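Marked as domain 'PABS' by Swiss-Prot on the basis of sequence analysis: 9-238. Positions annotated as S-methyl-5'-thioadenosine binding site by Swiss-Prot, on the basis of sequence analysis: GLN33, GLU108, ASP140, GLY141, PRO165. Positions annotated as spermidine binding site by Swiss-Prot: HIS64, ASP88, ASP158, CYS159, THR160, ASP161. Summarising the annotation, Swiss-Prot assigns active site, proton acceptor to ASP158.
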Amino acid sequence: MAEKKQWHETLHDQFGQYFAVDNVLYHEKTDHQDLIIFENAAFGRVMALDGVVQTTERDEFIYHEMMTHVPLLAHGHAKHVLIIGGGDGAMLREVTRHKNVESITMVEIDAGVVSFCRQYLPNHNAGSYDDPRFKLVIDDGVNFVNQTSQTFDVIISDCTDPIGPGESLFTSAFYEGCKRCLNPGGIFVAQNGVCFLQQEEAIDSHRKLSHYFSDVGFYQAAIPTYYGGIMTFAWATDNDALRHLSTEIIQARFLASGLKCRYYNPAVHTAAFALPQYLQDALASQPS
């Protein structure tokens, strides 16, 4: 039997992960990027950009449930939601499950990403692009949040790692723009990497966000594809009570929402804000 090809991730220099490649569905390598989608028996369809896994069919639900349901249920009455990035459609899919949300705006810098993911990752969006509340804006995220006249109750930054095109979504200009178009009491969240290996990302985001929001922190989830420990999500708001809601309050909102989840539940919600001591110490040691 012929040995299967292997695809090796190149995110870290000293160690990493690999996937056996059952079938390459798409591969484009240009001077600007290397994009591949392949099938793997354990994780289904896998999409990687420039040597870094972006999403897989098998475990994407963990990431997307935690990025959406935590801020939306903590807020309690969000009507207008902004997604920055999210071209694969899975973040949109989870937001559309909240029936009280009235509008969902998604800002994607490349229209081709949306059509590409609709073709190769159809399970991610699961038809959510057809939701009447959804509006797609093709624009740079930093430009949009600093120019739009719209305001939002929850902003979700589904950014890649802070390298290449994704770097702008970790800048002060982006965070300031998000504060500008966030309604009073609103919540901003963003993926912030695996803190054991990418601790400087969390420290940098915490320092920058603290210039614009009075309550800045992180919550976490364990996502197999993003190996090396827990993945952290940045959390920023001016209503510090929202990060400390009881499990009972979240439970009541969860039951009222009618949501059925595979990872998220109210106990996971409240526990997610408990951070390992090494991260707490690193954040506390930074100058104010």
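Heads up, the Cβ atoms here are built off N, Cα and C, so glycines get one too.
Swiss-Prot feature annotations superimposed on the structure.
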| residue | record | Cβ contacts under 8 Å, 6 or more apart |
| --- | --- | --- |
| HIS64 | spermidine binding site | ALA90, MET91, ARG93, GLU94 |
| ASP88 | spermidine binding site | MET47, GLN54, THR55, GLU60, VAL113, CYS117, LEU121, HIS124, ASN125 |
| GLU108 | S-methyl-5'-thioadenosine binding site | GLY85, GLY86, GLY87, VAL114, LEU136, VAL137, ILE138 |
| ASP140 | S-methyl-5'-thioadenosine binding site | ILE109, SER168 |
| GLY141 | S-methyl-5'-thioadenosine binding site | ILE84, GLY85, VAL107, ILE109, SER157, CYS159, SER168, LEU169, PHE174 |
| ASP158 | spermidine binding site | MET67, ILE83, ILE84, GLY85, GLY86, MET91, ALA190, GLN191 |
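Taken residue by residue with DSSP, HIS64 (spermidine binding site) is part of a helix. Confidence across the domain 'PABS' (9-238), taken as the mean pLDDT and rounded to a whole number, stands at 94. Secondary structure at GLU108 (S-methyl-5'-thioadenosine binding site), as computed by DSSP, is strand. Following the DSSP three-state reduction, the secondary structure of GLY141 (S-methyl-5'-thioadenosine binding site) is helix.
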